[in-house]
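What TrEMBL annotates here:
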- K232: active site, proton donor (ACT_SITE)
- L35, G36, C37, G38, T39, V40, G41, G42: NADP(+) binding site (BINDING)
- K131: NADPH binding site (BINDING)
- E216: L-homoserine binding site (BINDING)
- 378-471: domain 'ACT' (DOMAIN)
- 1-21: region 'Disordered' (REGION)
Amino acid sequence: MKTEGGPPLNLNPEPHAASDRRRLRGGAPIQIGLLGCGTVGGGVLRLLAENSGYLAERAGVPLVVKRVVVRDLEKERVSALDRGLLTTSAEEVVDDPTIDLVVEVMGGETPARALIERAIDRGKGVVTANKLLLAAHGPALIARAAARQVDLAFEGAVGGGIPIIRTLRDAFASDWVERVTAIVNGTCNYILTRMRDTGASFEAALREAQDLGYAEKPDPSLDVDGHDAAHKLIVLAMLAFGAQVDSGAVHTSGIRTIEEADHRYADRFGYTIKHLAIGRDLGDSIELRVHPTLIPKQSVLANVSGVLNAVLLEGRAVGPSLVYGRGAGDLPTAVSVVSDVLDVARSIASGVAGMQGRGMSIKPRRVRPLSEIVSRYYLRFAVEDRPGVMGRLAGALGDAGVSIEQIVQQGPTKASQGAAPAGGAAAREPAVDVVLITHDAQEGLVRSALDAIAREEFLREPPHLFRIEEP
Ligand code: NAP
Ligand code: HSE
């Protein structure tokens, strides 16, 4: 087949490209330095070993692990590891001129950041799954890699095995992403699913998640207080909205305050509670927030259960699009990391390193303060059951300009079953739950109503507030 007056079209360029790559490097393998051999590093070694023939075919040259960096040389490791490769000297690996590509799966900021910078400065490709580091220093690392014309790839950093980074960077590069609504923390999603499905308390569901290895022991706060999801949202915002954001600018709340009763009331109103990472591009600013959210029971995200993750993207041209799957674990995350290794290796072997960050524009953007966001709200108040209370609640909301859509009262609550007042004081009225759903309201107005209600003596415990989204 020939084009009009042009050269013949090559409809199957891949075999030629592979042999060109072999010629470029003289068939020399891509040598990998692996920093870390824990959960993800072990999975990476397994995948590289099990799929070596196929990966070499795809890369055009063999992919060979040359050194593996750990802290403890004696620890038991995956059988795919040749223990002769182990070292504790990360600097030596990063400085080794025969190593082409560094895979950082140690985690944390120190020494990972300095090692990645050093690898980039020595002209090596880098693959990392470190969302904490990317949330803090992603734009600077991407710029550094671009300046050195090397690749920095990080598919494993968000959503484990689900291809969300590539989707945003490549597949949706031609569109304008307006909204990202994501379940990106499997631990929170597991705990909330168990609370909803079995009526378990937060504490019981957390213990179960810890026993199954989903939540960290003894301190699960990175996950259950929302910080892990916030790190991932910052990485997503970098790609979706070209935004450089400080983690302090992302409103972040976790799932500790959710009680069994909240799941029951949410269900009664037709919702389920999910821990969501939400990003919106509003043109002059962006919204970035991580918090428990009520979403309609029949929505797709409501049915993402257990440890699974999902990211719902809404593009101006493409409309809604969902990626869904296993967001953590050795092999799912290794699939993303090794696919990055393959991409970066291919670029090195083809002599076109540095393509990953090309044309990427990441700039500081204003994050809209929470007080300015507009949402519907679920509010639950434990109040004394006596005349006038409902009126004063509704009055405080009305005075602030917040309109009520639905309201129910049910009791007695847990707050009414506490110990009797000390010193023979008169018993208080029993407490009941008043639960209401507002119409769209600005958060600042809702907060000022809650401040007024907090001064009322009929309130037995701090109110529960959750935002409602209709993704
Ligand atoms: P991990 O199981 O704790 O493994 C960390 C590895 O790094 C260990 O082999 C450890 O050595 C080594 N290491 C840590 N600090 C070191 C240091 N200063 N010097 C030398 N070696 C050091 O962690 P992981 O779960 O595999 O996570 C790794 C990265 O992937 C993190 O950034 C994490 O956020 C990210 N990630 C994890 C998952 C997941 O499902 N686990 C999913 C997505 C992304 P020793 O073994 O000797 O202690
Ligand atoms: N701790 C994370 C989660 C997995 O629970 O989703 C690593 O990203």
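Here, residue 1 is simply the first one shown, and the rest follow in order.
Cβ coordinates come from backbone N, Cα and C, glycine included.
Counting only same-chain residues six or more apart in sequence, the Cβ atoms lying under 8 angstroms from the Cβ of the residue listed as 'active site, proton donor' belong to K131, A135, A157, V158, G159, A182, V184, N185, A277. When the binding-site residues G36, G38, G41, G42 are compared by the number of other CB atoms within 10 angstroms of each CB, G38 has the fewest. Cα to Cα, G42 (NADP(+) binding site) and E216 (L-homoserine binding site) are separated by 18 Å.
Counting only same-chain residues six or more apart in sequence, the Cβ atoms lying under 8 angstroms from the Cβ of E216 (L-homoserine binding site) belong to Q210, L222, D223. With DSSP states grouped into helix (H, G, I), strand (E, B) and coil, the domain 'ACT' (378-471) comes out at 30 helix, 30 strand, 34 coil.
Under 6 Å, Cβ to nearest atom of ligand 1: this is the test, and of the recorded positions G38, T39, V40, G42, E216, K232 it is passed by G38, T39, V40. Cβ environment of C37 (NADP(+) binding site): L45, V68, V69, V70, R77, V78, L81, L86, V105 lie under 8 Å away, each six or more residues apart in the same chain. Of all Cβ atoms in the shown protein chains, 28 besides its own fall within 10 Å of the Cβ of V40 (NADP(+) binding site).
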